[in-house]
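TrEMBL annotations:
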type    : residues                                               : note
BINDING : Gly23, Lys24, Gly25, Gly26, Val27, Gly28, Lys29, Ser30 : ATP binding site
Amino acid sequence: MEFQKEKTNDLTNIKKIIAVMSGKGGVGKSSVTSLMAVALRNKGYNVGILDADITGPSIPKVFGINAKRAESDGTHIYPVTTATGIKVISLNLLIEKEDSPVIWRGPIIANSVKQFYTDTAWGDLDYLLIDLPPGTGDVPLTIMQSLPVDGIVVVTSPQDLVSLIVTKSINMAKMMNTPILGIVENMSYFECPDCNKKINIFGKSNIEEIAKDMDIDVIAKLPIDPQFVELCDEGRVELYEKINLDFEESFSKKISEKIGG
Ligand SMILES: Nc1ncnc2c1ncn2[C@@H]1O[C@H](COP(=O)(O)OP(=O)(O)OP(=O)(O)O)[C@@H](O)[C@H]1O
């Protein structure tokens with residue numbers, strides 16, 4: 001089925017849109033979205049992040065821009081730019097107090113996200129990453145249907161993989177007829193700082209089997225890393241270098257294989 005796609009504005013030119021989804025909350029979807037943005041920015045691309053996880057927006061915090069506010073001139077919303085030049089829009093950058101709860105119902109949330117897409121003056125972007133709310137509910141579905149998404153990344157954790165939730169989200173992505181770039185397994189293992197042994201804290205992951213069964217690729221397995229959490233908590237995710245090089249390579253390889261660019 002074809003759905004009517006929203007259009008942007010005269011101050012925006014976006015080449016590719018990548019949506020990031022997860023079966024459930026807390027698997028690190030926002031952290032991985034930030035890493036993807038940093039990886040693409042490191043390669044010299046113009047990158048934006050649309051934080052569509054309205055009820056649990058964490059993107060501004062990991063980039064240390066949560067004290068800033070996005071401006072509006074009544075027609076356009078102007079995104080906030082991070083230290084390295086990534087443009088971010090998030091409800092948390094628009095509301096007066098970032099700790100106020102969002103007590104909107106699904107359709108209003110979905111409409112605000114559409115508006116973040118249509119009304120933001122994004123400028124020239126090579127990639128816009130959309131951090132979707134977790135799950136396969138109304139909001140991620142509406143967003144996937146109404147924005148012209150070019151590719152999807154599914155973020156999982158090893159415990160999450162055994163559940164039906166992740167299969168559901170992969171099936172939802174497939175039903176959108178949008179190329180799935182692949183799965184990122186986050187918190188996959190812990191590497192002992194003394195002996196460098198990889199320890200499967202959550203048990204051995206069966207991501208390869210699941211991915212093969214579902215005919216999708218594994219983009220990366222990211223470790224549990226206290227340094228990563230620390231940098232995210234301090235709003236300095238752009239300084240995280242350790243896993244970025246490998247991740248950068250495999251992520252950009254999947255982009256060029258599956259959606260070009
Ligand atoms: N690789 C990692 N190693 C250690 N901690 C991590 C890792 N990835 C994420 N975390 C931590 O896990 C927590 C949840 O991450 P994040 O907010 O990115 O999840 P999420 O899936 O976007 O959650 P939600 O959708 O519920 O907002 C954060 O405290 C984050 O710092």
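Any Cβ shown, glycine's included, is placed from N, Cα and C.
All annotation found in TrEMBL is predicted automatically rather than curated by experts.
Overlay of TrEMBL feature records on the structure.
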residue : record           : Cβ contacts under 8 Å, 6 or more apart
Gly25   : ATP binding site : Gly56, Pro134, Gly135
Gly26   : ATP binding site : Pro134, Ser157
Gly28   : ATP binding site : Val155, Ser157, Asn186, Met187, Leu222
Lys29   : ATP binding site : Val20, Met21, Ser22, Asp53, Asp131, Leu132, Pro134, Val155
Ser30   : ATP binding site : Asp51, Asp53, Gly56, Ser58, Ile59, Val62, Asp131
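Mapped onto three states, the DSSP output places Ser30 (ATP binding site) in helix.
Checked against ligand 1, the binding-site residues Gly23, Lys24, Val27, Gly28 give Val27, Gly28 as the ones with a Cβ under 6 Å from it, listed in sequence order. Just so you know, the Cβ of Gly23 (ATP binding site) picks up 24 other Cβ atoms within 10 Å once every protein chain is counted. A sphere of 10 angstroms centred on the C-beta of Lys24 (ATP binding site) encloses 17 other C-beta atoms.
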